[in-house]
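A quick write-up on the structure given underneath.
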Amino acid sequence: MNRAKLEVGELSSSLIHKEKPRDGVVHGFSGEEQDGIKTTSATTMVVLSTSVAVCGSYVFGTAIGYSSPAQTGITDDLGLSVAEYSFFGSILTIGAMIGAVMSGRLADYIGRKRTMGFSEIFCIIGWLLILFSKAALWLDFGRMLVGYGMGLLSYVVPVYIAEVTPKDIRGGFTSVHQLMICCGVSITYLIGAFATWRTLALIGTIPCLMQLLGLFFIPESPRWQAKIGKWKECEASLQCLRGNNADISNEASEIKDYTEQLQRLSESSVFDLFQKDYAWSLIVGVGLMVLQQFGGVNGIAFYASSIFISAGFSGSVGMIAMVVVQVPMTTLGVLLLDKSGRRPLLLVSAAGTCLGCFLVGLSFLLQDLQQWKEVTPILSLVGVLVYTGSFSLGMGGIPWVIMSEIFPINMKGSAGSLVTLVSWLGSWIISFAFNFLMKWSSTAKLVPETKGRTLEEIQASMNPVSLER
């Protein structure tokens with residue numbers, strides 16, 4: 001079957017270069033007129049829909065933040081070794097990878113709302129298994145189920161928000177996804193400083209139930225409804241989102257035109273992403289996720305308490321300090337996203353995370369060298385806080401915002417699955433390896449000391465050769 005050829009430029013130009021109405025007002029969104037231009041504002045339904053969707057983001061955050069405050073309690077109560085607890089921490093990301101593989105197709109097949117509800121059922125079952133577990137097997141299985149639900153949510157939440165919000169405020173609203181992840185992590189850290197690991201697991205079910213209930217009161221994504229040919233439902237959802245008195249004719253027409261042009265293409269598969277038409281989008285989407293994860297964020301998020309303790313600082317005080325930094329910086333990122341743009345925030349955020357990593361590494365180096373012993377705990381705290389604040393400002397949320405924006409609707413399912421899978425694969429590598437890397441140094445283990453030794457002694461120790469033939 002021949003695939004219809006549709007260049008990206010042709011598609012976008014047919015939608016962008018529309019003749020403006022003679023009155024100079026751009027119709028289709030609710031808002032206020034300023035100097036003859038209609039400015040976008042959020043309706044109550046857009047705010048409600050976003051609020052319900054980001055309950056899933058909060059679930060995401062509680063799952064990430066759980067392993068750090070729960071580490072001491074779980075290892076003491078169930079007698080887990082470092083390897084067993086590292087597996088428990090990292091199996092969350094294995095479940096998330098499975099969810100990521102299914103996320104795009106599932107959201108395209110059953111819709112954005114149903115996918116969110118489906119994921120929360122798995123999260124609730126997972127938290128209950130953790131709550132009642134008496135052995136590592138059930139603990140790990142529950143953690144994996146939470147991860148599976150998290151993998152679905154990490155894709156569908158930003159996509160749903162991007163599809164229901166007006167374009168002028170889309171970036172800020174979509175980045176609330178990262179803000180709520182940050183709130184979930186932070187509040188879990190705070191509660192975990194005082195609550196047992198079982199109580200913390202029980203509390204984890206609350207936002208899951210809140211989203212399940214809230215889904216009954218919000219509309220489905222009008223763009224998904226248009227994609228499956230439900231035009232009346234699409235217009236009804238759009239009217240609900242923009243307000244009963246809003247003129248949605250232009251926006252509805254744009255969605256319809258765009259969808260009809262995309263439907264000329266045959267059903268996409270993940271292999272279609274590797275065509276040159278989508279190369280730029282794929283490189284940007286995957287590349288940002290690789291940079292986000294291999295910056296080490298989940299090593300710090302999963303094991304923050306042990307990092308501070310290893311550096312000679314109080315684990316609970318360090319985590320509270322992280323909370324104080326995370327939430328304001330993420331909020332600042334949300335406010336700046338649609339004003340400063342995505343790229344400037346990414347550049348500032350990346351530079352800050354680099355500086356934070358350098359300071360933490362320097363503190364541990366000085367600790368090994370027995371230098372500046374009084375300064376190294378403070379230096380490690382400052383490094384972690386600089387890293388956390390910088391990451392929260394941009395690198396945490398912007399890759400997900402951009403992922404939800406750069407792929408066309410016919411490729412969004414396959415592309416979203418691939419990008420989310422890459423994200424969780426990187427997360428698993430970092431979260432599993434981190435505890436081992438904290439106890440191991442390639443320089444210390446592999447490079448021998450040669451001072452004061454003869455060449456024969458050095459070579460014999462590194463290249464033992466039997467003298468017997």
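Numbering starts at 1 and runs along the chain as displayed.
Any Cβ shown, glycine's included, is placed from N, Cα and C.
Fair warning: this is a prediction, and the values are worked out from it, not measured in the lab.
The transmembrane segment annotation in TrEMBL covers 46-67 (among others). Sequence-distant neighbours of the transmembrane segment (46-67) (same chain, 6+ residues past either end, Cβ-Cβ under 8 Å): 85, 88-89, 92, 116, 119-120, 123, 146-147, 149-150, 153-154, 156-157, 160-161, 164-166, 173, 176-189, 192, 200-201, 203-204, 207-208, 210-211, 214-215, 217-219, 241-242, 298, 301-303.
If you look up TrEMBL, you'll see 49-469 marked as domain 'Major facilitator superfamily (MFS) profile'.
If you look up TrEMBL, you'll see 87-106 (among others) marked as transmembrane segment. Long-range Cβ contacts of the transmembrane segment (87-106) within its own chain (Cβ-Cβ under 8 Å, at least 6 residues beyond either end) map to 63-64, 67, 74, 80, 115, 118-119, 126, 136, 139-140, 143-156, 298, 302-303, 412-418, 420-421, 423-425, 427-428, 431-432, 435.
Below 8 angstroms of C-beta separation, residues 56, 59, 63, 74, 78, 80, 84, 88, 95, 99, 106, 110, 145-150, 152-153, 156, 198, 201-202, 204-205, 208-209, 211-212 of the same chain, each at least six residues beyond the ends of the transmembrane segment (118-139), sit close to that stretch. Per TrEMBL, the feature transmembrane segment maps to 118-139 (among others).
According to TrEMBL, the feature transmembrane segment maps to 145-164 (among others).
Residues annotated as transmembrane segment in TrEMBL: 176-194 (among others).
According to TrEMBL, the transmembrane segment annotation covers 278-294 (among others). Within its own chain, the transmembrane segment (278-294) is flanked in space by residues 272, 346, 350, 395-396, 398-399, 402-403, 406-407, 411, 415, 418-420, 422-423, 425-427, 429-430, which lie at least six positions past its ends and keep a Cβ under 8 Å from the stretch.
Listed by sequence, the residues of this chain that lie at least six past the ends of the transmembrane segment (300-325) yet keep a Cβ under 8 A from its Cβ atoms are 64-65, 67-69, 71-72, 89, 185-187, 189-190, 192-193, 360, 363-364, 367, 376-378, 380-381, 384-385, 387-389, 392, 431, 434-435, 438. Residues or ranges marked as transmembrane segment by TrEMBL: 300-325 (among others).
Panel annotation: around the transmembrane segment (345-366), residues 288, 291, 295-296, 307, 310-311, 333, 336-337, 372, 375-377, 379-380, 382-391, 393-396, 398 of the same chain, lying at least six beyond its termini, place a Cβ under 8 Å from a Cβ of the stretch. Residues or ranges marked as transmembrane segment in TrEMBL: 345-366 (among others).
For the transmembrane segment (378-403), the residues of the chain that approach it from at least six positions outside its boundaries are 154, 158, 162, 171, 174-175, 177-179, 181-182, 284-285, 288-289, 291-292, 295, 297, 300, 304, 307-308, 311-313, 318, 321-322, 325-327, 329-330, 332-334, 337, 342, 345-346, 348-353, 355-364, 366, 372, 415-416, 419-420, 423, judged by C-beta separation under 8 angstroms. What TrEMBL records for 378-403 (among others) is transmembrane segment.
Residues or ranges marked as transmembrane segment by TrEMBL: 415-438 (among others). Within the chain carrying the transmembrane segment (415-438), a Cβ under 8 angstroms from the stretch's Cβ atoms is held by residues 82, 85-87, 89-90, 92-94, 96-97, 99-105, 107, 151, 154-155, 159, 270, 273, 278, 281-282, 285-286, 289-290, 292-294, 296-299, 302-303, 306-307, 310, 399, 403-404, 407, all 6 or more beyond its ends.
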